[in-house]
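Record features (TrEMBL):
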type	residues	note
DOMAIN	15-489	domain 'Major facilitator superfamily (MFS) profile'
TRANSMEM	17-40	transmembrane segment
TRANSMEM	52-72	transmembrane segment
TRANSMEM	84-101	transmembrane segment
TRANSMEM	113-133	transmembrane segment
TRANSMEM	154-171	transmembrane segment
TRANSMEM	191-209	transmembrane segment
TRANSMEM	245-264	transmembrane segment
TRANSMEM	284-305	transmembrane segment
TRANSMEM	317-336	transmembrane segment
TRANSMEM	401-423	transmembrane segment
TRANSMEM	435-459	transmembrane segment
TRANSMEM	465-485	transmembrane segment
């Protein structure tokens, strides 16, 4: 056994902190422009419509889904610094491309689509981040480290729109640097700031990040992708096969967890506009506040769950988190007798625009900048008669909606952290890059399908069908968890090298 020195311990945790920063910057790269994509798209290419906006939003997740397994595979055989630097450099270049999408004379929307897809491709490095943290922590450190990683990701999602808001002070025109055709305005400044953060991240990876690996008991051991003197002894505990049934089960559970959260996030605006007769501006404003509070709640849960897991274990907490999510969506089912207000004026005046299924596809943040045409002074509110279920489905009361938000904001982060923690422990000392890549890809696929689910099921069949199906999916997940419960144990415990 190689006893870890104090110097090695400090170097190992400095490297883990660099991974936390990388995860934070990855989520900032997604959220920092999300509120301004629509007005910027309209400005650079008037031919772009709302349906194309949906593709631009989804392109980030598609890029990440493709890249995650590739970067994970790379990190299994080469020093992780390589995929980390390359992926971050891709994100930096993509952000710079986004700042220049106004320059071409045509097809500007496709340049923006490419830029966002490449930013998502660069964000595939989260698989490398999580696989490194899994290999550089002992079993007792793992839950805390994974919770910190998820907390950094959540904080990035929260602070991205805050940075965007600060940059709106520059204004829509801003400053133009004609020599390099650069416009520094409220649309381009956030991505250039993101590019600057990426450059800083690359410098820190070169300066501070080192390849470290410890076994489940915290003993220093040599990694497959070691660098020079940083290696210890070969890990003899790597012998044995990974439980692939448990691996597939966690992938499915993780897909469901991110799918239901994507549905919850996407459905916020159309649901509140239909049920409470909110205008677009009111729906964006109030849901922005609610989801910000949910984000803060999630960060607190990430921090609390580290302590709680030591007493109850990860499997029990995952079970509890899924139950909380189930209750949250069950509460959203329409139970009363009062019907929502109907947009009757839409029948009387055909000049008033309808609420289309395309708009239902769009998450709350992408609706912020949508404005009614200047010749319309009154925005129709209430449930549109184009959705036939509005005429016979009871409304969901505001108290139901807020209670559901609180419960889902509690259950989602619990499930998120426990999925990653259990997954990394099941894989044990085996190289985790590809496996973490598939888990990240599962989450990206869920974020793509969630809005599609909302646009089809909710728009055509209504909240009763939509939330009933979600409840059914979560119940299936709970049954699966019961079936594989005893198999969701750490690799070292499975082979009798450690006690649970």
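In case you wondered, yes, glycine gets a Cβ from its N, Cα and C as well.
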Practice prompt. Take the transmembrane segment (52-72) and find every residue of the same chain, 6 or more past its ends, with a Cβ under 8 Å from one of its Cβ atoms.
Written response: 30, 34, 37-38, 41, 83, 87, 109, 112-113, 116-128, 131, 358, 361-363, 366, 432-438, 440-441, 444-445, 447-448, 451
Worksheet item: Sequence-remote contacts (6 or more beyond its ends) of the transmembrane segment (245-264), Cβ cut-off under 8 Å?
Response: 318, 322, 325, 329, 405, 408, 412, 415-416, 419-420, 422-423, 426-427, 435, 438-439, 442-443, 445-447, 449-451, 453-454, 466, 470, 473-474, 476-477, 480-481, 483-484, 487-488
Worksheet item: Per the 3+ Cβ pairs under 8 Å rule, pairs at least 6 apart in sequence, do the transmembrane segment (284-305) and the transmembrane segment (154-171) touch?
Response: yes
Discussion item. Please report, as numbers and ranges, the same-chain residues at least 6 past the borders of the transmembrane segment (154-171) whose CB is under 8 Å from any CB of it.
Written reply: 23-36, 184-186, 189-190, 193, 288, 292, 295-296, 298-299, 302, 365, 413
Worksheet entry | Residues from the same chain, set at least six apart from the ends of the transmembrane segment (401-423), whose C-beta lies under 8 A from its own | 130, 142-143, 146-147, 149-150, 154, 247, 250, 253-254, 257-258, 260-261, 264, 271-272, 275, 290-291, 293-295, 297-299, 301-302, 305, 309, 314-315, 317-318, 320-325, 327-329, 331-332, 435-436, 439, 488
Worksheet item: For the transmembrane segment (191-209), what are the same-chain contacts with Cβ under 8 Å, counting residues 6+ beyond its ends?
Response: 14-15, 18-19, 21-22, 25, 28-29, 32-33, 80-81, 84-85, 88-89, 91-92, 95-96, 98-99, 163, 167, 184
Worksheet item: Do we see three or more Cβ pairs under 8 Å linking the transmembrane segment (113-133) and the transmembrane segment (435-459), pairs being at least 6 apart in sequence?
Response: yes
Item to complete: Averaged across the domain 'Major facilitator superfamily (MFS) profile' (15-489), what pLDDT does the model get? Just tell me the whole number, please.
Response: 81
